[in-house]
Ligand code: DX5
Ligand code: ZN
């Protein structure tokens, strides 16, 4: 008889921020074929973060290229006026930042009302307590392991302890703990041991071109799995 497990399934989520934007649909197909569990889409507004990416029309354009979960990370302020548009464009999960407005509880309710998974992200300087009273509205907590805005930054080691605190906070609730920023096999192992189960990776997946996507995704997965086993 198998024992019930309290751990959420491991998910590797390549961030297409590091993909070749001139061939975005092909890039999504390539990471799908290479074993990505989710596709992570970084939405930046040049206001909440010092960079600009893309909006709902691009999400909609690449939606037909894969059946994998579209994990949409909204680094925008305000987020509420755009939730419906991203949902209609094909998001499966919508992640809002705890720092991006005074009514995040309302945002999470709105996301669930749209029939999507509701995620809340916290920046490196934001304490875990920022999500404590939101926990029952959330399907996913995203612990930023870099300051959001750019790919290719170095993992912030203090975030390992933060992941452990989020894990303690959620207990046995069926909530994903996602990490984003500077994830490579070594850092994935550290945060997996602390309780993370979803791993966003941009540069670590895309850095060597399509022939290496599967190898890099599997390296992150293997590191996370073996750290979990202890
Ligand atoms: C950073 C974004 C990340 C980014 C991660 O603001 O939220 O998703 O793409 O890139 P890497 O994995 O290169 O740190
Ligand atoms: Zn992201």
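Glycine residues also receive a Cβ, built from the backbone N, Cα and C atoms like all the rest.
For the substrate site that TrEMBL gives as 73, 149, 150, 151, 152, 180, 181, 182, 202, 203, the extra residue drawn from 15, 22 is 15. Straight-line distance linking the Cα atoms of residue 40 (divalent metal cation binding site) and residue 149 (substrate binding site), rounded to a whole number, equals 14 Å. Taking all protein chains in view, 26 other C-beta atoms sit within 10 angstroms of the C-beta of residue 180 (active site, proton donor).
Apart from 40, 42, 73, 180, the residues listed for divalent metal cation, the same chain places the Cβ atoms of 13, 15, 17, 41, 71, 72, 95, 142, 200, 202 within 8 Å of the centroid of those Cβ atoms.
Around the Cβ of residue 73 (divalent metal cation binding site), 28 further Cβ atoms fall within 10 Å across all displayed protein chains. Within the set of binding-site residues (149, 151, 182), the lowest number of other Cβ atoms found within 10 Å of a Cβ is recorded at 149. Cα-Cα distance from residue 15 (substrate binding site) to residue 42 (active site, proton acceptor): 7 Å (rounded to the nearest whole number).
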